[in-house]
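Presented below is the structure to which this report refers.
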């Protein structure tokens with residue numbers, strides 16, 4: 001079915017230019033590349049752009065460690081990044097750097113427009129200063145204990161444990177991440193972006209469908225906490241763009257980083273005069289702009305970025321799509337275990353098409369983490385791509401070449417073809433909505449049908465019978481046409497395989513050509529298109545990824561849950577005694593509208609009923625909970641939430657998601673009993 005042409009600009013988050021690409025990064029670029037390739041396959045004008053994020057103190061310090069100028073280091077890293085992406089068949093239309101003239105001009109332009117419109121404030125602040133290095137400490141170069149949840153070893157801008165944002169001066173027991181020294185306070189003048197002025201606009205935008213439900217719900221929490229003015233200044237020494245009219249003051253990297261999307265597109269427009277920058281970025285633009293990002297940078301892309309664009313007279317993105325993290329074999333990527341795998345190490349051992357397919361098979365439109373289980377990876381690739389897909393052609397193509405002059409027959413019974421073509425709109429919708437896993441399941445279900453057809457018809461038996469030659473010709477031609485349709489459906493995911501299949505069919509695979517009559521079409525001799533995953537190659541990749549641990553007397557690293565969630569700092573008995581734990585019976589449980597993770601619980605604690613909102617929806621349905629006994633914190637200060645008042649906390653174990661288990665006391669415990 002023909003569709004009207006859309007004008008689309010799509011981006012992936014900019015990789016930081018201080019190190020190599022790894023398989024965690026690759027999830028996002030594969031996800032975006034599939035979506036971009038799908039749009040182009042449908043005939044839309046789609047531009048996929050990206051750049052290296054090349055500014056900030058980490059760049060400056062890494063270059064110093066290497067004995068290089070920052071400009072030299074980021075140029076080298078940029079070259080390495082582009083080679084890794086190219087070898088993974090990531091088809092950027094332009095790849096640039098935030099350390100570019102286009103980006104400097106745009107960053108200054110946006111800042112000056114924000115200042116002229118009254119959205120830039122200036123004030124003197126006290127900032128942490130490293131007395132040993134004689135430098136102000138940016139937020140990521142201060143570590144300490146989170147002021148909100150008290151988790152140790154957190155950065156100075158946000159907490160990885162609870163997601164809270166704060167200023168470096170709010171950290172408990174801060175230390176310089178550069179020297180380890182205890183920082184001192186020193187006054188300096190900084191410029192702030194007036195984010196609270198955009199609260200109404202942001203609330204409207206975040207509920208316009210621009211964000212996934214999980215993201216929109218998270219933003220509601222931030223709105224409840226109140227938006228704060230955003231410090232966009234860093235003091236010299238700093239590698240970045242100097243702020244206009246402010247010598248010695250530089251733009252914070254997160255101001256010019258998202259502007260890098262615009263800078264890269266401006267660079268593309270300068271190379272291709274037929275493209276108009278304003279057509280995509282002007283306030284009244286009718287083109288579409290989409291950002292694919294990781295869930296760790298939602299705050300910047302869903303609050304600061306649209307507000308900056310709005311305040312400086314540019315358009316906002318249509319949508320910001322977030323994805324989760326990559327784990328390997330069910331655990332956080334580990335250098336010691338060899339599961340922190342660099343893109344180049346993977347490429348040294350395995351076909352990039354394997355990973356593209358595996359990620360696609362597990363991706364959805366949600367922000368769930370994705371586990372790269374290496375045994376499942378090998379099994380799924382071998383089963384789906386080799387055993388089902390390519391095998392369909394390898395079992396039938398030779399008969400066409402040897403017995404029928406390499407030409408396909410006119411298919412008399414089009415029942416199977418019609419059934420395959422009937423799935424195109426469903427598969428298209430799955431691609432459009434980023435439900436790649438559903439698309440892969442649909443396509444592989446069709447592959448099963450096609451293979452069943454070939455197995456039942458057994459053309460290898462038919463060709464031995466003189467009176468069955470035409471039937472054999474029909475069967476093999478039908479199978480190859482189904483193979484052509486399947487690979488066309490998979491073309492956004494498997495571009496290299498699609499090229500091989502195009503050479504085999506001697507024609508370009510197009511979405512509009514799915515229903516093409518292939519009668520009389522001549523094919524080329526079949527060549528092997530994909531090899532099985534040999535697990536010893538997977539093991540070799542893991543071995544090459546391991547970093548040798550120094551032979552020291554350090555204690556053995558914790559195993560199990562302690563490996564990723566270490567025991568917190570020691571407290572004394574008096575601290576623990578302040579916590580009043582009580583047995584509670586869940587008398588009622590229900591869903592909370594517009595809350596992705598919460599259930600509303602009514603808890604009987606022996607003569608008193610408490611209402612508690614618990615983040616356990618991913619693990620329990622309300623009907624599973626009613627009547628159960630559990631343990632609650634009874635003297636926790638009530639917290640007013642958008643959905644109502646939460647009067648305590650239930651206790652659960654586990655890392656989160658579906659892996660959560662509420663605590664259940666033994667039989668005999670009664671509501672209201674104290675837990676000691």
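If you go along the chain as it appears here, the first residue is 1 and each next one adds 1.
Here the Cβ of each residue, glycine as well, is placed from N, Cα and C on the backbone.
Feature motif ''HIGH' region', per Swiss-Prot, maps to range 15-25 of the set 4-14, 15-25. If you look at the motif ''HIGH' region' (15-25), the same-chain residues 6 or more away from its ends with a CB under 8 A from one of its CBs are 50, 52-54, 56, 58-59, 62, 73-74, 77-78, 80-81, 84-85, 97, 325-326, 328, 333, 340-344, 346, 355, 372.
Each residue contributes its Cα atom, and for residue 159 (Zn(2+) binding site) and residue 335 (ATP binding site) these two points are 23 Å apart. Neighbour counts were taken at the CB atom with a 10 A radius for the binding-site residues 149, 159; the maximum falls on 159.
Taking the centroid of the Cβ atoms of 146, 149, 159, 162 as the Zn(2+) site, the other same-chain residues with Cβ within 8 Å of it are 147, 148, 150, 151, 154, 160, 161, 163, 164. Residue 335 (ATP binding site) sits 28 Å from residue 149 (Zn(2+) binding site), taking the C-alpha atoms as the reference points.
In the predicted structure, the motif ''KMSKS' region' (332-336) carries a mean pLDDT of 90.
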